[in-house]
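What follows is a short report on a single structure.
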Amino acid sequence: MTDLVVAPLLVALFTAIATLPLRSAQRVQQAVSVFGGVLYLVAVAALVRAVRVDADGYLVYELSNWEAPFGITLVADDLSVLMLGLAAVVSLAALVFSVRGIPEVGQRISYHPLYHLMVVGITGSFLTADVFNLFVWFEVMLMSSYVLVVFYSGPDETRAALHYAFLNLLGSAVMLLAIGGLYATTGTLNMADMAEYLATVPASQTTPVLGLSALLFAVFALKAGIVPFQFWVPDAYRAAPAPVAAMLAGVVKKVGVYAIVRLLFTVFSVAALPPGLFGENATFLAFYGPVLLVMAIGSVVVGGLGAVGREDLDGLLAYSSIGQVGFIVLPLAVAASAVPGAGAEIPREGLVTLGITAALVYSVNHGLAKSLLFFVSGALSRTLGTVRFDALGGVSERNPTLAGSFFVGALALIGIPPLSGFFGKLLVFDVGAQAGSTVVLAVALAGAILTIAYFTLAWSRGFWGPPSDAVAGASVDRSFVLVAAVLAVSIVVLGVGFGPLYDLSYAGAQAATETQGYVDAVLGGSQ
Amino acid sequence: MTPTALSTVFTAIPLQASAQSPNTQFVIAVVLGLLFAIGTFLVLRRDVVRVVWGIAIISQATNMYLVTMGGIAGSVPILAHGATPDPATVSNPLVQALVLTAIVIGFGTTAFALVLTYRVYEEHGTIDLAELGAAPPESGVSAMTDSSIDGPEATGDGEPVTDDDGDTDRHGGPAGSTEVADD
């Protein structure tokens, strides 16, 4: 049964390879690619079922049977499978969109293999329990995404890709530095082994590890596009083809969020800080709590204000995703500050778990809603040739289904019941209220108002009113409308039947904070 | 060898090795510092090719730093004829495996960065970062269905690339020859 852990990886890898030699048979290539996406969803569903129902929360796979701290270990726990589920749904939707949404020449040459290799990197990042292996999966994901961002290779695209690629190349070098340093100071690369070791180190000797972990954290923040590492986000998202932008905003960003949750809450939460700066008996998270809070506030403000001033739809969506990641980091900051002192177990129920749950629920909601919005933007751009607001207008009259889907996605990000976004927002506010933090509540409120402001602008300028000349003469491809509508329905369904998503996120949050369970599962050897 | 014994070997090495050869350690530390300084200097240049050089130097310096993390003064860790080498005298081989992986990845990314630089030159007619500027509004994403994709044929210096990342469908006339005006 543990073999199931590698199933999604292998499916994505073999699909990438299978689509390579099929250039001359375009229909076959597209069919194989979409079929691979469906198979990936099935593999992830089987893995979710295995982890949630059959195993007691952990499935451990040791590559080549190398024993845990020495070989590379892949671990599927509740946190990993939740993120994998999001990745599977969004990537299948993006694949179906791509069939008509990407110019045929582009699809034939390189699109499908690159796309699936990106999925391979994403999957590996969610599953690995080895810090260096995480670096490798990041590189697999990034290499494909560099090419996908520059896919149209016009002036704007090359410039955006230049910034995106160079920033991330520097980020990779910094990540290697941090990993090398962590190996020299802790003597291991395995996350579970590292956590076990850090729990035993006296507080006076952890300072180097704190600095190295901060380097690692900066790289993850760069991937997640959190202020002050957000510079590449708007250009890259606007340059990328719509389905790729949907993947970048919906899933690749969440890889950064996942890495922050995994490393901070599972590994570094057990390490004690030297007494002094943050009082006696504090853990690393006492340091990261305020840092996360400042970054979250910055993201919400920069993203929100940036989005209000945009003149085009995809620019607005790109800035919006900076602000929305702020909403994901905000409850994480509260959770980090609420972690009890060194040596104490994090309670299974309480503010820490609730904060991470809020972040995970919000991540899933943002992943679905933002990819839906990018699909709508991509459908318009493919049909009209532009998504500037002065050329749009009246889409709701010309194509009510497409406009309605946009409306649902926007409302989900604003947080209107009964959509899934309502519960995301509600949990963020709940976490702020339970922590008694006026700052968190004020920032969340300001962010919510900004979200309402920019989506109102987008709706009234782009979708309402009499159709513009361009819109009146256009007809949107049916597959675009279908993908958008299916995602919109799924957002409604997730909101109405919110229970399972909450249970999954709650279990994911518990898995993230349960360092001992993780250590036992990984180092206890394979079952 | 039991896992615990291996673990002791791995954790003990860096400290032991560093005690053996302070001179080598010092020289390498200085060289690393210089490499990072040169790399940072180059990354801050306006010339895109220099930035690529800078990134290449920084990633090579990172690799070298990684090697030093395993202890550079020890001997080869071979289990010869059943004799276990003294943990205090061998180098940690794991970091060298890591560096090999990092070198391969760095090779790929550097090649991509250079190709990207060439494409930037073709599209913008310059590799000066300050002159890249904003492209004309009608290009970019909107060019996908723009009626002017069969625009003027490429003339002059920018050789049209036909087999590169699926660009041929949308940008029949590469802008490389058109010397994009930056304001």
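In case you wondered, yes, glycine gets a Cβ from its N, Cα and C as well.
Caution: TrEMBL annotation is automatic and unverified by curators.
Just so it is clear, the model here is predicted, and its values are computed rather than measured.
Quick look at what TrEMBL lists:
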- A:130-451: domain 'NADH:quinone oxidoreductase/Mrp antiporter transmembrane' (DOMAIN)
- A:6-24: transmembrane segment (TRANSMEM)
- A:31-51: transmembrane segment (TRANSMEM)
- A:71-97: transmembrane segment (TRANSMEM)
- A:109-128: transmembrane segment (TRANSMEM)
- A:134-152: transmembrane segment (TRANSMEM)
- A:164-189: transmembrane segment (TRANSMEM)
- A:255-273: transmembrane segment (TRANSMEM)
- A:285-309: transmembrane segment (TRANSMEM)
- A:316-339: transmembrane segment (TRANSMEM)
- A:401-419: transmembrane segment (TRANSMEM)
- A:439-459: transmembrane segment (TRANSMEM)
- A:480-502: transmembrane segment (TRANSMEM)
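Against the transmembrane segment (A:109-128), stretch A:134-152 shows more Cβ pairs under 8 Å than any other of A:6-24, A:71-97, A:134-152, A:316-339. In this chain, the transmembrane segment (A:439-459) lies close to the transmembrane segment (A:316-339): three or more C-beta pairs between them fall below 8 angstroms, excluding pairs fewer than 6 positions apart. Here the transmembrane segment (A:316-339) has long-range neighbours at 224-227, 230, 233-234, 236-238, 245, 249, 253, 257, 260-261, 264-265, 269, 283, 285-286, 288-290, 292-293, 295-304, 306-307, 310, 346, 350-356, 358-359, 362-363, 366, 370, 373-374, 377, 413, 424-425, 427-428, 431-432, 435, 437, 440, 443-444, 447, 450-451, 454-455, 457-458, meaning same-chain residues at least 6 beyond its ends whose C-beta is under 8 angstroms from one of its own. Among residues of the same chain six or more beyond the transmembrane segment (A:255-273), those with a C-beta under 8 A of the stretch's C-beta atoms are 79-80, 83, 122, 125-126, 134, 138, 141, 191, 194-195, 198-199, 201-203, 206, 209-210, 213, 216-217, 220-226, 281-288, 325, 328-329, 332, 335-336, 339, 342-343, 346, 352, 356, 359-360, 363, 512-515, 518.
Relative to the transmembrane segment (A:164-189), the listed stretch A:134-152 leads the set A:6-24, A:31-51, A:71-97, A:134-152, A:401-419 in CB pairs under 8 A. Residues 4-6, 8-9, 33-34, 37-38, 40-41, 44-45, 47-48, 50-52, 57-65, 115, 119, 122-124, 126-130, 133, 190, 192, 242-244, 246-247, 250-251, 254-255, 258, 261-262, 360, 363-364, 367-368, 371, 375, 378, 479-480, 482-483, 486-487, 490, 504-505, 507-512, 518, 521-522 of the same chain lie 6+ residues outside the transmembrane segment (A:71-97) yet bring a C-beta within less than 8 angstroms of a C-beta in it.
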